[in-house]
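What TrEMBL annotates here:
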REPEAT    136-169  repeat 'TPR'
DOMAIN    441-498  domain 'Signal recognition particle SRP72 subunit RNA-binding'
REGION    442-582  region 'Disordered'
COMPBIAS  461-472  compositional bias 'Basic residues'
COMPBIAS  474-495  compositional bias 'Basic and acidic residues'
COMPBIAS  526-551  compositional bias 'Low complexity'
COMPBIAS  566-582  compositional bias 'Basic residues'
Amino acid sequence: MGGVDSSLKTIESAPEQTDKLKELYGQVLYRLERYDECKSVYTDLIRNSQDEYEEERKTNLAAVVAAMSQWEKAPTEDLGLPESTYELCYNAACSLIGQGKLTEALNKLQQAEELCRVSLADDSDMTEEDIQSELAVIHSQMAYVMQLQGRTDEALQLYNQVIKLKPSDVGLLAVTANNIITINKDQNVFDSKKKVKLTNAEGVEYKLAKKQLQAIDFNKALLAMYTNQADQCRKLSSSLQAQNPGHPRPVLIQVAQLCREKQHSRAIELLQQFSDQNPESASGIKLTMAQLYLVQGHVTKACDVLRSIEEFKHKPGMVSALVTMYSHEEDIDSAIDVFKQAIEHYQSEQPGSATHLALVREAANFKLKYGRKKEAISDLEQLWKQNTKDVHTLAQLISAYSLVDTDKAKSLSKHLPSADTMSFNVDVDELENSHGATYVRKKAAKVVGENPPKEQGHGEVKKKKKKKKGKLPKNYDPKVTPDPERWFPMKERSYYRGKKKGKKKDQIGKGTQGATAGASAELDASKTASSPPTSPRPGSASGSSTAPASGVVPPRQQKPSSSGATRKKAPQKKKKGGKGGW
């Protein structure tokens, strides 16, 4: 910027301000981002000169208006600029983007594209590739609008088309690459690392506005964090903090890096330090502090931080969050105090507004939920006075007064509607047969079949179900008295003498080990016909018989013993393209 500053001094020191010098003065002011002064210069030039450069001056003025809308969020004024060329149309679209009118901006960019194609069609030397290169800036801006609309896939496709064209404008390439990085975020970091090189091209700093360059630097620091380059991230964020001392984003990047390293306490210290030094931009910082306290389980500390944010503390969303957290900590008094302060704020600022009454309603319901009926009375009275026909609120108020002042409860009961007005004519059968009625037990419908029920005269007699007699034991003898100890377990009966031992002693040692008497007879060679020996099957024990297939649990595999030889596993070939490993 040093050269631009010296140019400005030279122009301002000139003895005579000619039109050509004013044109140059406007260009310098635009580069220095002094848009108000620049607008005045171009407005004066357009008003006081009539030559063939009028369209160029109007294009430049439209660019100034667009820059003010985008970078300074200044309200745009209608200067009556035409949209006859694609440059003018493009600048008008940029102004609409700054105003947040994205759909209109996209339509205007499409008009700019059509105008550009028409203007270039007359030139026979222009190829389709040349036309696409000229359209690149329009397409990149269209992709930006799509990205803002959440159509990231379409935006990414259009951005990549612009990159493939390799336009000569390094500023356009840098912005397009930066926007692709913002879509990738913490995914596809390899692509982001390639794209970030385009933002470092020579001459980029002369093509872009300060806010664009600042955004690119922020994204470089974030990319370093996502690629686990902790030292690089710290270096970039510290540099950004030095360049932008009051900006919260460099500090937030440093805090995010510390959180990745599980240094939450150090992160909170940094946030507190910045908050104390920059109270004007402390709102977002304090929200982050509260989030970190919650991560560590310090709910009350998080509540204290949130209640210190003057800008947000009375917002319904903040009140809801605080009440929920205090309820979690079973601190009902603090939760009620949050409601009280918020209601007092709206009572003085917006009495009777929808937000005010909604907070009163929620406060009353909260107090009733936690048995604070006495404290709920004032809220309920306020609600009932707003709408005396609200029977639900009146009933709640009477219920609350019944514990405090029974006479007051009785007097309020007179305002309740009579029982006759509250009665409903309900068709029970229709209700049971309705679509919403579930789990209704209905009588089984009578089936008209081949055997209709017999006529039983005037009075039907219900058939009594016969009780089934209990089954008696097979050895039951009615003459013998049953054993009085028959319900006790056998071991607890008085006549139990234990199991008889030694019954199978004489069988021990006879026959093969583990074989039954029947099996030993089969294995006795003297009782079988002589036959040639057969070789054992692979995998079976030599000389053992096979077990029957049905009803046998398959054997479990055993680990090879440590002393035995083990088979080595043959190495497998590494798959191409896969991650490391066998």
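Glycine residues also receive a Cβ, built from the backbone N, Cα and C atoms like all the rest.
Keep in mind that TrEMBL annotations are predicted by a computer and have not been checked by a curator.
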Taking DSSP helix as H, G and I and strand as E and B, the compositional bias 'Basic and acidic residues' (474-495) has 3 helix, 0 strand, 19 coil
How many helix, strand and coil residues does the repeat 'TPR' (136-169) contain under DSSP?
-> 27 helix, 0 strand, 7 coil
In terms of Cβ proximity under 8 Å, which residues at least six beyond the ends of the repeat 'TPR' (136-169) contact it?
-> 86, 90, 93-94, 97, 102, 105-106, 109-110, 112-113, 116, 129, 175-177, 179-180, 182-183, 195, 198, 207
